[in-house]
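Quick look at what Swiss-Prot lists:
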- C417: active site, phosphocysteine intermediate (ACT_SITE)
- 593-627: coiled coil (COILED)
- 1-12: compositional bias 'Polar residues' (COMPBIAS)
- 23-40: compositional bias 'Polar residues' (COMPBIAS)
- 41-54: compositional bias 'Low complexity' (COMPBIAS)
- S6: phosphoserine (MOD_RES)
- S9: phosphoserine (MOD_RES)
- S58: phosphoserine (MOD_RES)
Amino acid sequence: MEKSSSCESLGSQPAVARPPSVDSLSSASTSHSENSVHTKSASVVSSDSISTSAENFSPDLRVLRESNKLAEMEEPPLLPGENIKDMAKDVTYICPFTGAVRGTLTVTNYRLYFKSMERDPPFVLDASLGVISRVEKIGGASSRGENSYGLETVCKDIRNLRFAHKPEGRTRRSIFENLMKYAFPVSNNLSLFAFEYKEVFPENGWKLYDSLSEYRRQGIPNESWRITKVNERYELCDTYPALLVVPANIPDEELKRVASFRSRGRIPVLSWIHPESQATITRCSQPMVGVSGKRSKEDEKYLQAIMDSNAQSHKIFIFDARPSVNAVANKAKGGGYESEDAYQNAELVFLDIHNIHVMRESLRKLKEIVYPNIEETHWLSNLESTHWLEHIKLILAGALRIADRVESGKTSVVVHCSDGWDRTAQLTSLAMLMLDGYYRTIRGFEVLVEKEWLSFGHRFQLRVGHGDKNHADADRSPVFLQFIDCVWQMTRQFPTAFEFNEYFLITILDHLYSCLFGTFLCNSEQQRGKENLPRRTVSLWSYINSQLEDFTNPLYGSYSNHVLYPVASMRHLELWVGYYVRWNPRMKPQEPIHNRYKELLAKRAELQKKVEELQREISNRSTSSSERAGSPAQCVTPVQTVV
């Protein structure tokens, strides 16, 4: 029986709030960023309420005031809408890198916050509750040994956070109950924090992506392709967007018959069209051929129409993301793949990318070897045993084959896996990133994510498990993480071709889990509409686009007409240390890399200004020389100017 994919009860009415510092969401071993927006907790008596004149005469008031100051120093910087749910003093964080440290552990409705004043600067650990996968109790009341009684939180971003409580303090139970309640609000019929957080930015990120504008940018509609509203009420396919681009000569009634032959009704629809050859990338789900090898005349005619829309080629390639053995096995479940006998002039290619369960296990193995410490002596063999980079290679190689077929072969392609919302999204978005320089800009990449991932129904709620305590759910899988990893691999091979930097990619992944923004909530466009997310939550793009200097690559040069062909070879791929191993302070650069980005951007702007000034000077001299040369009363001796 299929699990419900509804995202009902995710939120209630929002409260006004302000943006957080991204630094506060990504630092496990350093003090909190000074730029963090925060407010003082209302639960702490304000020191301003004690008069200075009274303090001069009352030692007790003096002690109370100092105590309040210390309490404020130990509390987290709160976002509006955020409030403290529990606080435990004299808790020990078992840091795997720098050793045990004692301090105060605070749970709010948004974050887990630990601060120790024993070190200088103070030791701070700050993690959003959304990143927590599960919470486990360690030891019992009769446990012997130092730090043997406490809690361990297992996180979705590689970390494990372990805290020791004193049995006699009786704080563990309360902290555990509040973590289980607020880290998993969906399981407790509570709102995700995104519905409490509301901020107006200079730009509304929810308006960034407009499907009509994006299709017009691609030259759609044209004589071969039209935009249809057949799915306006999500009745054709509830996981597709309202507007679809389909062959112009296929009427809406036929689309419905095609939908009945495709898994989940996900018919082939256009993702991208080549501006010159008109070769296209279309995406869909598997055909429902079953073991009997059923056929659909409407589906065959539909793919023929896709092929005919491209006059440059009389062939079409069907890229099935799955290993062939998996595709064959799907026939027993009523699915399958296209027969080359039924689809004339079509060539079927299997890309051998494994399913969500294999990828989940691969990430689990990767986590074991990178956190908390790396075993140097067996590092390469351990990394190879996870198969993580092998999976990254296959995804990149598949996207590369698609891009090459469209660009060099001038041939249209159809891409699908089983349901068309996991591996298909990886392949189409990466191929489009290789083919179209627009998607390599910051805003263009945001549009790409909105279009190929969000509007076309990647099941973020199920794959990430926002606010859900069922950590062993078989639907969890790092599909989007793999996509971002592939993008990072491309930025390594083409360091000047992308407007965004590594910090941009890490920020997206951090907020994939944080539940601070509404961008990655729910499983489909229809569900986001029902939840009214654009009005009730803040878009991640609003936050990012309000401080673009943090996310801009100083080496970027516009290559809008260039097609990128990354090398999908194990020799050219590497583990993304900046993400997977970032919690280890020994693996961090001494200076945050995004600070260096800012310095380089400022330097580039300074040099560009000098170049412009020199160009104006040369232009002015050239104009003056021309005027003097054109005057009959003046004899001008040529002067060579060296700049």
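Positions of Cβ are set from backbone N, Cα and C atoms, glycine also.
Over the coiled coil (593-627), the average per-residue pLDDT in this prediction is 80. Residue environment of the residue listed as 'active site, phosphocysteine intermediate' contains 28 other Cβ atoms, counted within 10 Å of its Cβ in all protein chains. The DSSP secondary structure for C417 (active site, phosphocysteine intermediate) is coil.
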